[in-house]
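The compositional bias 'Polar residues' feature in TrEMBL is assigned to 34-43, 57-68. The compositional bias 'Basic and acidic residues' annotation in TrEMBL covers 73-89. Under the heading domain 'Endonuclease/exonuclease/phosphatase', TrEMBL lists 256-372, 466-562. The feature region 'Disordered' is assigned by TrEMBL to 14-89.
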């Protein structure tokens, strides 16, 4: 008995063979637009029917010739949280009035590469021609949802086809294909794959008959060869140091910051091999990654309590680290078993390099409702419903460690922050970072007043909290054109900033918000990385390390990931990158503070 999936293949092939006349799709669309009768064969309006009307009686996502995929930022995590670190995609090019191109039935033998500059296309029909090859440049048509190359003379498909992130339907019926490229396994949105009429192995045909398109894609994804790893990232030296001995004498230290991607958030990466998403695999890769930097301070985000206590702390303690972890605020309302699954922020530091003076969490929810940073008193909160309805519904946090350098006695405030992810909550992110900086001002003043121990090599006292060197690493979920970036880099944001327009957040929107720390992004001198987060729907810089520019200078930076490697990658995580973020490393040098010069080196953060 023929399976339902293979009946679907036969049906696709029949429709395709009836669509071999010149410009069949274009002519059919014109006929329908005039109210005529739909001709036989596939038509521009027809692909929805190939999905059997969608699931549960709902319409197919492919319905209609004017299909537009959402430019929305994230897929959804459990509990309504977003997974991909994305914003609403910026549409830099004005879309054309037409988005479908029909070159079918023309006897074409070669495609002009200029065709692949039509980036606005979402449907391309080059079926029933005489093509013997499909250029890899087809991947430049990133908006394509439907590609029909049926009825040609193709013997192979280009591996670049695996980069077509929006492809929903791929028809390769009646060619001479004997295999499918494993790169097709990353086509996580593909719903219809027509393969009938090709001399493909029985294993592929049998899998199609049994599991359909998703079975084929899953098999290619999970069982394909592992690509070669990327070349090591360059280390960009901005300040020369004479010797490693000088580094030790002057108190050089390094910091790494990295969003490790909590295990419970990995269920939506359809382009990633399932084995590469398994926690046993990822955690070893993460451990190797962070340990390889041998950083003196690590800022890690999306670390749940179980991972912190059962894996990271035991393993890193063998490398001289101890740490401080705090979960998101929701953990307070949960049972112990559920609480251990809640992610938060962790700071690790080497005990031989730093001594802990104090450590504190900053829970933005709590600060918004209980401090005077937004309103003068609690009674005033009722006048600002946006605080209740937007800020107080988000349970993001930061961790703060107040450290003293063992050799020099110099003090440092190390901060690890993770802001809300949602692209439509730029106002909340700006308020969160404003609350963080307000809390840090209070904490820093208290830290500055703590007396130095009698045996401290550092003499004198800090005159104010803003004199203490500070580094702030984390996942800010904010691009360089955001209010968050402006506040951190410029020191102030007006109350009518576009990110908070239309909202009322007390003092922040009435008077603006500012801070005295003189912060600078680590990459500011050479330009931010082109991305710190990479998924099919989003690729931009949203993670940063900020430092006190009045007391620190950047000595070195970790460069971009290998461009050749990245040109072949759909997105992270993958076999070589265990998180959707890319880590980066910074090296800082402290300028004369109390007659003491030291270097504050390297951060590694997820991109």
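Residue numbers in this text run from 1 along the chain shown.
In case you wondered, yes, glycine gets a Cβ from its N, Cα and C as well.
In TrEMBL, annotation is done automatically, which means it is predicted and not curated.
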Could you tell me the mean pLDDT the prediction assigns to the domain 'Endonuclease/exonuclease/phosphatase' (256-372)?
95
Reported in the order helix, strand, coil, what are the DSSP residue counts of the domain 'Endonuclease/exonuclease/phosphatase' (466-562)?
15 helix, 32 strand, 50 coil
What are the helix, strand and coil residue counts for the domain 'Endonuclease/exonuclease/phosphatase' (256-372) according to DSSP?
51 helix, 37 strand, 29 coil
